[in-house]
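Novice: The structure is given below, and queries will be raised subsequently.
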Amino acid sequence: MRAKGTRKNYQHLWRWGTMLLGMLMICSAAEQLWVTVYYGVPVWKEATTTLFCASDAKAYDTEVHNVWATHACVPTDPNPQEVVLQNVTENFNMWKNNTVEQMHEDIISLWDQSLKPCVKSTPLCVTLNCTDLTNATYANGSSEERGEIRNCSFNVTTIIRNKIQKEYALFYRLDIVPIDKDNTSYTLINCNTSVITQACPKVSFEPIPIHYCAPAGFAILKCNDKKFNGTGPCTNVSTVQCTHGIKPVVSTQLLLNGSLAEGEVVIRSENFTNNAKTIIVQLNKSVEINCTRPNNNTKKGIAIGPGRTLYAREKIIGDIRQAHCNISKAKWNDTLKQIVTKLKEQFRNKTIVFNQSSGGDPEIVMHSFNCGGEFFYCKTTQLFNSTWLFNSTWNDTERSDNNETIIIPCRIKQIINSGRK
């Protein structure tokens, strides 16, 4: 979507302008179409303007998206208007779009505000003496589960600043990094690079649709071509005052709760021949993924300074079971088949290989997302582990009955990098 504005014309055209304005008013009355006119000369041009947001946020709801939208957005238009532009062709570029950039800025603002009630854990950047959690029963005894949660002791400054007190708490393995070779001394991750914040599991976190609207004198151009690839000319164009509702879901690898394509699966990239560019796949059918963290934790408050309390895990009740996500193998394989069909239209006579990430930050290597205020990091090796030959046959490295469910192991991250002071 792009914003278009009307441009002022200061030339002395008032005589012809008055006549033209009268003609436009007659046409408008006949067809119920309106256009902003300055001195009788309607001129459209591409414009960069500040959009504003609209939402149906509930002021009484303490969920962080509702709290942010209540203060930052206006109520939605109960009767939105869309005008189809006949015989109009416009060029669009989804990869260089001012609307998207403003959305990103708003998401950053939303997350900053959402993390403000959370405790800054930077004062906890001390040496942690950690051991594997003992006296715990593991559900299946896998090595992935063992060592996932560690029991750590550390010294913290109490409310009285010159007093030191020894405390202990349970930390996820993703939240700590070793500082010696014997794997007993640790520190919180990202302590030496930026401000870190404790995630807030108690905070309600459920994205709501956000609409972006153009101010008076501007309109948003919308491309309605169902197979539009993201760049180039679009022949089915309309104008709207606001976009559709967009849920600001933040995730990596898999896009959650996105919009579905009407018709076939659509793949988009800024440049398919450049392997450094991202390829976005828009599915035509949703694939359900159910995620859970089955552990039952008890928490305790640890004073880490005046007015600051860190809520840490004290113990785990019952079995230690790994967080995981479930997805239907049949639906996933059918989705991959449709994606491969579209990829082969771009890469002819090529073998398509779905493989896991070769390395990098946890957010890149794993499927990361926020669920109920907790940050999940899930291994997608089982999802991206197949080879599709150029003659339309495929070879799954782990063939099995398609009626089964793929169980994706996940890890929880409690300490997050807030990135700014």
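Here, residue 1 is simply the first one shown, and the rest follow in order.
Quick reminder: no glycine exception, Cβ is built from N, Cα and C everywhere.
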Novice: Which one of 225-235, 357-367 shows up in Swiss-Prot as region 'CD4-binding loop'?
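Specialist: In Swiss-Prot, the region 'CD4-binding loop' feature sits at 357-367.
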Novice: Looking at 72-111, 152-191, I want to know which stretch Swiss-Prot calls region 'V2'.
Specialist: 152-191
Novice: Which candidate, Cys291, Cys410, does Swiss-Prot give as the disulfide partner of Cys378?
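Specialist: Looking through Cys291, Cys410, the record in Swiss-Prot gives Cys410 as the partner of Cys378.
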Novice: Near Asn349 (N-linked glycosylation site), meaning Cα within 10 Å, which of Asn97, Asn229, Cys242 (recorded positions)?
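Specialist: Taking Asn97, Asn229, Cys242 one by one, none has a Cα falling within 10 Å of Asn349 (N-linked glycosylation site).
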Novice: When a 10 Å sphere is centred on the Cβ of Asn97 (N-linked glycosylation site), how many other Cβ atoms does it contain?
Specialist: 15
Novice: Which residues, sitting 6 or more apart from Cys325 (disulfide bond) on the same chain, put a CB under 8 Å from its CB?
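Specialist: In sequence order, the residues whose Cβ lies under 8 Å from that of Cys325 (disulfide bond) (at least 6 apart) are Ile289, Asn290, Cys291, Thr292, Phe376, Cys378, Ile407, Ile408, Cys410.
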Novice: Please work out the number of neighbouring Cβ atoms within 10 Å of the Cβ of Cys378 (disulfide bond), leaving out its own Cβ.
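Specialist: Within a 10 Å radius of the Cβ of Cys378 (disulfide bond) lie 21 other Cβ atoms.
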